[in-house]
Amino acid sequence: MKAYAFGFPKIGEKREFKKALEDFWKGKITEEQFEEEMNKLRMYMVENYRKNVDVIPSNELSYYDFVLDTAVMVGAVPERFGEYRGLSTYFDMARGGKALEMTKFFNTNYHYLVPEIETEEFYLLENKPLEDYLFFKSKGIETAPWVIGPFTFLYLSKRNGEWIRRPNQMEKLLESLVSVYKEVFEKLVENGCKEILVNEPAFVCDLEKAHWDLILNVYRELSEFPLTVFTYYDSVSDYEACVSLPVKRLHFDFVSNEENLKNLEKHGFPEDKKLVAGVINGRQPWKVDLRKVASLVEKLGASAISNSCPLFHLPVTLELENNLPGGLKEKLAFAKEKLEELKMLKDFLEGKTFDLPNVSFEDFAVDLQAVERVRNLPEDSFRREKEYTERDRIQRERLNLPLFPTTTIGSFPQTPEVRKMRSKYRKGEISKEEYEAFIKEQIKKAIELQEEIGLDVLVHGEFERTDMVEFFAEKLNGIATTQNGWVLSYGSRCYRPPIIYGTVTRPEPMTLKEITYAQSLTEKPVKGMLTGPVTIMSWSYYREDIPEREIAYQIALAINEEVKDLEEAGIKIVQIDEPAFREKAPIKKSKWPEYFEWAINAFNLAANARPETQIHAHMCYSDFNEIIEYIHQLEFDVISIEASRSKGEIISAFENFKGWIKQIGVGVWDIHSPAVPSINEMREIVERVLRVLPKELIWINPDCGLKTRNWDEVIPSLRNMVALAKEMREKFES
């Protein structure tokens, strides 16, 4: 029995990766010093592997993103970056003004840079797999280089702004791409490499027979090399085609669902290759029941075990956590502990005897009363009392807003002063009273500024919040937050996913104090600001023994209690942010109806407000076409969307959907850019939307929250936005 592992987090126990990378960007350290820091992290990762598994991956420490590394390897550097000059060009592609687009890696919370393919000829530009292999070999460590496979690389790429996913688009490009991979693999083998770990997660996507024909051709071309092909995040789309590939070993994910297992039982597994069973969950931080997993491995007849998917979706180690709720720590395993589980599982399968940990969750942190409430929800819990047209009439009378009402999405700049005061409060250097007085002062300034600029619907600014999910996690029962449970989101940006470990309930109001204070300062409506249940769940870890639907409904009920408290306090508009509504959808579209049924119900349960309360939803993605029918079923009154990058073209989704009657907040300002948008640029977007929607349905707002921007960018941009709204009103009212 062999133990494999892959995708160990590169960030270091104390985010050493982030510090070194940002210091290098700021010019505080030289390239040589940066490389030294990276080498320390490389050794740390490999030492953890060496203690626990048999096959040690190399080429796993990317300086920004492993898909970007692959693009550089095969010479896919867009012309606008000029001649490739090492790290300076590499980081220009990642984060300069001309940077590549960034999007989610499959349905995970990791973001990758989308390669832009401008040519049909690839060539070997930089052989990082070989460099890394030789780095470890020089230290006497034999490794197996980890690479993104050619099919997945192309599947994740775009040409002229469109995905390269149709078989006829891929065929010629794959031929050229494979020649580069051949060259890379030849050089590795020439230098003594005995195994190459090729990652092909795209094999689990909705692929046609023509795709599998291409994949078979690719791997016939590469059949002379010692390849282990890894698939993960779901079951492979065509099991029989996949197991027929001429490779030495195949890794399947047996954690995400049971389809790979069912296919293996039905069709068997070929004798000419070995099965690597992905049985230790790489996406959730729970300890496994090793006896149960061992019996699955035996049932599979696997000759090797591994994690189900990359471990970089987990924090580095549990060792630094000292403040978790009682009984929780012993039920958890982060990346380092998952490696230890693999070692323990291998030892157990080889007949070694020892006490296995008890990981029973049966009655852990369960609130039976709350569970029963969720299980017995009446059907009308998921529908508002009146239909939208009736609600709209009531709300227009109550709010009396002008045409083209203006608002922002919620957060205002978190200045160094705000962050410093929060840090002081958390360290106990200032009292709760001092901190709350400071927050009140920030809210007062924000309300005064919005009044002066002339916005129609105001926000309190969210100065008391670090993160839109962590803020609520800290206030809800059944959710724990960590001290050092950092996970990489993209580049050097890390976040700490909360852990949903028990029944989720709301012990007391979470946002009432700040929102009602803000409302007391103005006659204009101030929005209540809440994060939706699907996003709280999607950006957290959650129990595997409780159905996802049930967890989402528990959170939704807690959010709905907050909505009701805000209504009671006289708040007329409540916004529920659901950026994860689309991204949590399964990879395979055949599973969408089941997911969207409970995701829609969860939002509607949270949003079940009085008819006179205007519910806003905020979703910041750029492609609504695929999910417009599901969005239409959500019980909001206004939805705000990102429209600036597409110059308003996103509205085509609503144009093609017959019967759209709800209001839309059009994002006219790309908040990811420091540039102040001109009135002309904003007007162009609104005019595009007016070709589709009547003027009565249009709101004007930025794309997203303004937390990461500076006040000197925010104020002129908001002034331009309000000036545009006034201009549009005059045009239509004259």
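Cβ coordinates are placed from backbone N, Cα and C, and glycine is handled just like the others.
The 5-methyltetrahydropteroyltri-L-glutamate binding site feature in Swiss-Prot is assigned to ARG15, GLU16, PHE17, LYS18, LYS104, ARG493, CYS494, TRP539, GLU583; the stated evidence is experimental evidence. Positions annotated as L-homocysteine binding site by Swiss-Prot: ILE409, GLY410, SER411, GLU462, ASP577. Per Swiss-Prot, L-methionine binding site is recorded for ILE409, GLY410, SER411, GLU462, ASP577. According to Swiss-Prot, the feature Zn(2+) binding site maps to HIS618, CYS620, GLU642, CYS704. Summarising the annotation, Swiss-Prot assigns active site, proton donor to HIS672.
In sequence order, TRP486, CYS494 are the residues near ARG15 (5-methyltetrahydropteroyltri-L-glutamate binding site), counting only same-chain partners six or more apart with C-beta under 8 A. Highest local Cβ density among the recorded positions LYS104, HIS618, HIS672 belongs to HIS618, counted as other Cβ atoms within 10 Å over all protein chains shown.
Using a 10 Å Cα-Cα cut-off around CYS620 (Zn(2+) binding site), the recorded positions PHE17, LYS104, GLY410, ASP577, HIS672 reduce to ASP577. Cα of GLU462 (L-homocysteine binding site) to Cα of HIS618 (Zn(2+) binding site): a distance of 15 Å. If you measure from the Cα atom of ILE409 (L-homocysteine binding site) to that of LYS104 (5-methyltetrahydropteroyltri-L-glutamate binding site), you get 22 Å. Neighbour list (PHE17 (5-methyltetrahydropteroyltri-L-glutamate binding site), Cβ cut-off 8 Å, at least 6 residues apart, same chain): LYS10, ILE11, MET38, LEU41, LEU488, SER492. In terms of Cα distance, the binding-site residues that sit within 10 Å of CYS704 (Zn(2+) binding site) are GLY410, SER411, chosen from LYS104, GLY410, SER411, GLU583.
Each residue in THR408, VAL459, MET468, MET529, GLN575, HIS618, CYS704, GLY705, LEU706, LYS707 lies on the same chain as ILE409, GLY410, SER411, GLU462, ASP577 and has a C-beta within 8 Å of the C-beta centroid of that L-homocysteine site, without being one of the site residues.
Look at SER411 (L-homocysteine binding site): DSSP puts it in a strand. The distance from the Cα of GLY410 (L-homocysteine binding site) to the Cα of HIS672 (active site, proton donor) comes to 15 Å. ASP577 (L-homocysteine binding site) has HIS618 as its nearest neighbour among the binding-site residues GLU583, HIS618, GLU642, going by CA to CA distance. Comparing C-alpha positions, SER411 (L-homocysteine binding site) sits nearest to HIS672 among the recorded positions LYS104, GLU583, HIS672. For the recorded site, GLU583 (5-methyltetrahydropteroyltri-L-glutamate binding site), the DSSP three-state label reads helix. Separating the Cα atoms of LYS104 (5-methyltetrahydropteroyltri-L-glutamate binding site) and HIS672 (active site, proton donor) is a whole-number distance of 16 Å. There are 26 other Cβ atoms within 10 Å of the Cβ belonging to GLY410 (L-homocysteine binding site).
According to its DSSP assignment, PHE17 (5-methyltetrahydropteroyltri-L-glutamate binding site) is helical.
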